[in-house]
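Straight from TrEMBL, the features:
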DISULFID  Cys315-Cys347  disulfide bond
REGION    1-29  region 'Disordered'
Amino acid sequence: MKMRENKPLPPVPVLNLVGINGGDPEDNDIRKKREKIKEMMKHAWDNYRMYGWGHNELRPIARKGHSTNIFGSSQMGATIVDALDTLYIMGLHDEFRDGQKWIEDNLDFSVNSEVSVFEVNIRFIGGLLAAYYLSGEEIFKIKAVQLAEKLLPAFNTPTGIPWAMVNLKSGVGRNWGWASAGSSILAEFGTLHMEFVHLSYLTGNPVYFKKVMHIRKLLQKMDRPNGLYPNYLNPRTGRWGQYHTSVGGLGDSFYEYLLKAWLMSDKTDHEARKMYDDAIEAIEKHLIKKSRGGLIFIGEWKNGHLEKKMGHLACFAGGMFALGADGSRTDKAGHYLELGAEIARTCHESYDRT
């Protein structure tokens, strides 16, 4: 398959299951913190199990399940699927098996339900693939592939840029009514790559890989104002919508996935790395500023002007800059580590001062 030429994954057998390694940390304080976190996870799971089992979410105050949201109106057990890898890693294997049993008996994607392609990809397909790699249970791979097939009609647009939402039964797609000029969202169609690449490796079917690589190639060809990626792209015309760029909501995970695609490939996906490097250079030049109080922040570019505001979702960028320091261009590693720390400091201060 063409995938091998582009090296989206490391040249090692990905079917070797990852599993987890046991062992307790030597530091007693860390052990206590870990047990407390595990206790909190079990508390959340047990209450979902009691009051919201099978629903997508639990309303904790009302103590009722809730399923009318971005995962559609059907009871698709979003909380179950999203929690599987965490349960496994924490050693909560009884809870993991309960979740697996529910998925085997109840998880059905042939429902008349409209879902967010982005959210269902990262939480359902991502969650199912993670559970498969950790446990080796075939049911998770089977369900991930079944769902991916249901998402493919979303890509049936004149440009191949997927709709934001798709009906799992009819295959009819559409975009959010609030999106600029009927556009798809950068952080949504740009955050499919890792899961879809793995689907092609696991199935031998190149269709998933081709869909996300087509998105990448299209983005590479497009003119970008000041080197920045706008958040809105019309899937009918292939033109940008409103010239609004942010590292927070609407843009965030697109940049994250470029970096992680490179890491996932054992650092051989040079195309993804170059796109990431070029993007963060433009971001640093045009969006990253220092406030009068001395805090580094990431603003937003809108219609040729910098808006000096930083959304909460942009706080992930501190970790992204630090993670991307390794492999960055000559003499930039230390700079990006420091920049990541400064962004994290700004986010900390935003909480500490309010």
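In case you wondered, yes, glycine gets a Cβ from its N, Cα and C as well.
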Number of Cβ atoms other than its own within 10 Å, given for Cys347 (disulfide bond): 18
Protein Cβ atoms within 10 Å of Cys315 (disulfide bond), excluding its own: 20
